[in-house]
Number of protein chains: 2
Amino acid sequence: MELSTSPLALPFPEMPSIEGVTLRVARARYKEWDRYDLTFVELSEGTSAAGVFTQSACASTEVELGREQIKEGSARALIVNAGNSNAFTGHRGAEAVEQIMAQVSEEMGCAPTQVFVSSTGVIGVPLPKDRAREGVANVLSAQPCGWEDAADAIATTDTFAKGAHGSAMIGDTRTELCGIIKGSGMIAPDMATMLGYIFTDADIAPAFLQELLNGANAKTYSCITVDGDTSTSDTVLAFATGKAGHARIENWDSPGADAFAAALTDVCRQLAQLVVRDGEGASKFIAVQVSGANNDESARRVGLAVANSPLVKTAIAGEDANWGRVVMAVGKAGEPADRDKLSIGFGGVWAARNGVPVEDYDEAPVAEHLKGAEIDLTVDLGIGDGAATVWTCDLTHGYISINADYRS
Amino acid sequence: MELSTSPLALPFPEMPSIEGVTLRVARARYKEWDRYDLTFVELSEGTSAAGVFTQSACASTEVELGREQIKEGSARALIVNAGNSNAFTGHRGAEAVEQIMAQVSEEMGCAPTQVFVSSTGVIGVPLPKDRAREGVANVLSAQPCGWEDAADAIATTDTFAKGAHGSAMIGDTRTELCGIIKGSGMIAPDMATMLGYIFTDADIAPAFLQELLNGANAKTYSCITVDGDTSTSDTVLAFATGKAGHARIENWDSPGADAFAAALTDVCRQLAQLVVRDGEGASKFIAVQVSGANNDESARRVGLAVANSPLVKTAIAGEDANWGRVVMAVGKAGEPADRDKLSIGFGGVWAARNGVPVEDYDEAPVAEHLKGAEIDLTVDLGIGDGAATVWTCDLTHGYISINADYRS
């Protein structure tokens, strides 16, 4: 099945090279296709690493190993396999990953734990060790390539290549951040999954990089949803080569820490939103802004309940300002709420305030807003200061077609 | 939009009358339609009442009042309004309910709190008091009717009338249980919701009836899902007239308590399954059997995670034995699980055992099973003795059509 490009796609941005980061791609042919499906990122000595991983209780070997590796905070290489997630494959899957780590570390003269491996694609089929061995040998000697080639090579059912760029001034030094991501929601046919990577030439101590990534994740990747299905392989890794030459950022007191944190969060937000824009069957990009909650985390949960509700998502697909369905979704979130203080709006127009429909509510501007491709849905709980924004897409016939009509 | 009858519909069963229960229906014309939409159930003096209600934080006035009324445990009447849920209507909605309670209680010479009111349908529009007053006046003097008429009158977007019958021997006395229910999943266009009522001539003390209903609910209504959207009005009420003439059942030590509890659970399970069979767009009825969990509640949560997963539901709609998606859903449930002890089967055939695909797995009988309308999906977690069964339906283009293609 050939998927057409999402109507919400954005063009791949101009992105600079990052000193200490070299990209290469090769064909391992993990599936019967003729495309690059093996990505190798070489990282200079002294690169700090941080990562966030799926909460799944059935995570892949790659995720289990990554959770351990990240504790050491040091990276020299990233390998991404596309077409096979290697999840639910028992000891045979683990052997394939360990083989890759050994092969790359031997070539590079580093520790195996400095080689991070991600895999994405079909589940339950061990990654073929022979193809991996040959593919890795090829990719180690391949010519360097650009960001868009790498973004294409890590993709599976994505309909467009996804990248984002940011920069931060640290003292007088300009640092760059470049990220690539793949995913069509948390999910896709054959369990394709969200994998994201951010590279920077900034010099950040590993523990602080992890702290910053955790913070960025809470406001970005953890605030998107396509259908609430969490994959076994979701991974976001951040690598900082330190080549920019400024004094190392050790903690919040280091000069430039705030600027870098803001840039990292911005790049993560761009990447996260690109995944939603490629959500399966998506025709509308929806920002759910929640305010007046008990606290920020409560606001995020309410936002996710609204964003995951099939009734809300189908209503927006149908361009129907059905705020009753939003009330329902708020009510089921399991978070503190007061029916008689709840307000709901679309495109900046309140449809209901303080628990009752707005008198003389004019639906015309709302109907016009809902015809667009970028939808703003506002929920004010009216009980506190907590706020969060969650991004999602609508639920359409396209989603059913991709996931039910075609056998994977 | 005229919905065609669900392919999973069952014929309305033969159901006996219950002594002390008289059914009547009338036209209140809560919407622009010409059908019975107001149901009145008269209950004899001394009727015990019990109820379970939605967990929604934005519940309707009817639910809020019902939660209070049930503490007294005594009922003389039930009024059900169809076409308007009266939810999210503030004080005007509350006035309409209080008016109905006053009008009925005055006529019957009982306390207003002995009159239970449910409403289902559009949200955000206060129940029109004039139509309610006239409708109630009409229904109080209407001729008695049968179960199927009442089941039709409480329905909104349901595609077939739903009833279930059971009986229990209490000593030498045969008691009857009759139930009716409406709902097309937890959800439907315009927030139609699940309302269920069980009537019996058994003599059960209110507190014990409540205990039995809680227990039955945990194994039945709380184990169904169509799309995970919880309504603001979900209500299940049980009424026991005591007319059968046996010694009152006060607790588990009373003769017949076990038999009655079993019959009540059986009727509740039948009713709950009928709602799934009328799930919006449903083409397959799916039983998710979970075993080997830490405990029964954990098993239920895992079952609901599987049953609510859009990926699992679309895979079954596509007749695809995609057990990788089941692994994903188990992993995201947030419950204890061990990837390497997990087993998954369809129609009695294991596809994966102990964390790896079954060698020489023969998909032919599974493919045949998935072509049918009744699907068995088995998940064994392999870590404990907890078990539960959850019922759901598949996710099809029909769901999208009902909820997005037509404005409600």
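Just so it is clear, glycine is given a Cβ too, placed from its N, Cα and C backbone atoms.
Per TrEMBL, these features apply:
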- A:Thr156, A:Lys182, A:Thr193, A:Glu280, A:Asn403, A:Ser408: substrate binding site (BINDING)
- A:Thr193: active site, nucleophile (ACT_SITE)
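Of all the Cβ atoms in the protein chains shown, 29 others lie within 10 Å of the Cβ of A:Lys182 (substrate binding site).
Other C-beta atoms found within 10 angstroms of the C-beta of A:Thr156 (substrate binding site) number 24, with every protein chain shown included. Note: A:Asn403, taken in sequence order from the binding-site residues A:Thr156, A:Lys182, A:Glu280, A:Asn403, have a C-beta within a distance under 8 Å of a chain B C-beta.
DSSP assigns A:Asn403 (substrate binding site) to a helix. The secondary structure of A:Lys182 (substrate binding site), as reduced to three states from DSSP, is extended strand.
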